[in-house]
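Asker: Pasting the feature list from TrEMBL:
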ACT_SITE  GLU220  active site, proton donor
BINDING   HIS33, HIS35, HIS217, ASP298  Zn(2+) binding site
BINDING   ASP299  substrate binding site
DOMAIN    28-351  domain 'Adenosine deaminase'
SITE      HIS241  site 'Important for catalytic activity'
Amino acid sequence: MPSNSPETAAPPSSGPDADLRAFVLGLPKAELHLHIEGSLEPELLFELARRNGIALPYATVEALRAAYAFGDLQSFLDLYYAGARVLITERDFYDMTMAYMRRAQADGVAHAEIMFDPQTHTGRGVAIETVFAGIARALREAQASTGVSGYLILSFLRHLSEEQAFATLAAALPLREQYGDLWIGIGLDSAERGNPPEKFARVFAHCKALGFRLVAHAGEEGPAAYVRDALDLLQVERIDHGVRSEEDPALLQRLVDAQIPLTVCPLSNLKLRVLRDLRDHNLARLLRGGVMVTVNSDDPAYFGGYVADNYIACAQALGLSRQELAALARNSIEASFLPWEQKEKLLRRLTAYIR
Ligand code: HPA
Ligand SMILES: [Zn+2]
């Protein structure tokens, strides 16, 4: 498994592993499941804590990283929300987002659809305008300097109430004029069990009427029924995770027939103990069964790998061929919310790359 620290994960400089890494890095791909707060590396987290005069319960970067051993989704979420406390100013959100965009470019990401959790910040007294401004400035600068494009998916925290989701939407909507080119979607994340999709049916219906693209986490820790309900009650176009869909054969067939994308995050599933060994992951089975699966990093600073690490780990654990890796990259482009001309352009780049 890759190390938690990108700096210490020295890739092999020659041999089959180096060839695999070079192939994966060069694949034009989209990342569709990434929580920007989950890209906050311990080094930057310490730097922002220092800058903002915030005390941390860990003495060193190494001690914090050592705490990233999770038993389940909730044990991760506790540290993830605690880590986000260092984000205060526009510059903090900018620095975090720019660091991710640079890292994504290095991984061959051509386009990223980035989730962010305003409620994690507004609940601590940070203005939603500050959150939008810092993230958006980084996305625009990154697009100009690297060519990597970014979209934003505002995600509601499902452990909070429907009323709080509506209030967050109301606070964000005046910013749509300024950021509508980036903010194209609405998502649903945080603790899944006990917070079923139906809790957010009305707010999602409202967002759909407003013209937003819709996604939701489902079938990560929660049952296959949550995937079905996310499709039927929330009308989402993509499912984040969805790996437990396999438990319901009729649902699985529906995913195949309708080519509903799943944004799978294999190293996340491993770290959060959705499964015990990557060799047991159902990604290859889903792909070979015709499901529109994509590979993504989720919260790379916490789960020990960025998107290319996820492709490589799966290639090694599941024996994915180069063609299958290219199919995953193709799916990521097709499942993105880019306009079709841009999809076509990226697909042509991919075709040229694998020829
Ligand atoms: O993997 C996740 N699942 C649910 N909520 C999240 N918020 C950040 N990462 C996750
Ligand atoms: Zn996620």
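Cβ atoms here come from the backbone N, Cα and C positions, even for glycine.
All TrEMBL annotations are machine predictions without curation.
A description of the local structural setting of each listed feature is requested, covering burial, neighbours and distances.
Answerer: If you take the C-beta of GLU220 (active site, proton donor) and look for same-chain residues 6 or more apart in sequence within under 8 angstroms, you find LEU73, GLU192, ASP240, HIS241, GLY242, VAL243, ARG244, ASN269, LEU272, VAL274.
A strand conformation is recorded for HIS35 (Zn(2+) binding site) in the three-state DSSP classification. A C-beta separation below 8 Å, combined with a sequence spacing of at least six in one chain, links HIS35 (Zn(2+) binding site) to TYR80, ILE114, MET115, PHE116, ASP117, SER155, ASP189, ASP298, ASP299.
ASP299 (substrate binding site) falls outside any helix or strand according to DSSP and counts as coil. ASP299 (substrate binding site): 27 other CB atoms within 10 A of its CB, across all protein chains.
The Cβ of HIS241 (site 'Important for catalytic activity') has 28 neighbouring Cβ atoms from other residues within 10 Å, across all protein chains displayed.
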Asker: Sorted by position, what residues of the same chain at least six away from HIS33 (Zn(2+) binding site) have a C-beta under 8 A from it?
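Answerer: Non-local contacts for HIS33 (Zn(2+) binding site): GLU113, MET115, ASP240, HIS241, THR263, VAL264, CYS265, THR294, ASN296, SER297, ASP298.
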Asker: Would you count the other C-beta atoms found within 10 angstroms of the C-beta of HIS217 (Zn(2+) binding site) for me?
Answerer: 31
Asker: Could you pull the average pLDDT for the domain 'Adenosine deaminase' (28-351)?
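Answerer: Here the predicted model's pLDDT, averaged over the domain 'Adenosine deaminase' (28-351), is 98.
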Asker: So which of the recorded positions HIS33, HIS35, HIS241, ASP298, ASP299 sit close to ligand 1, that is, with a CB under 6 Å from an atom of it?
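Answerer: So the answer is HIS35, ASP298, ASP299.
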Asker: Need the DSSP three-state call for HIS241 (site 'Important for catalytic activity') to compare against my parser.
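Answerer: HIS241 (site 'Important for catalytic activity') sits in a strand per DSSP.
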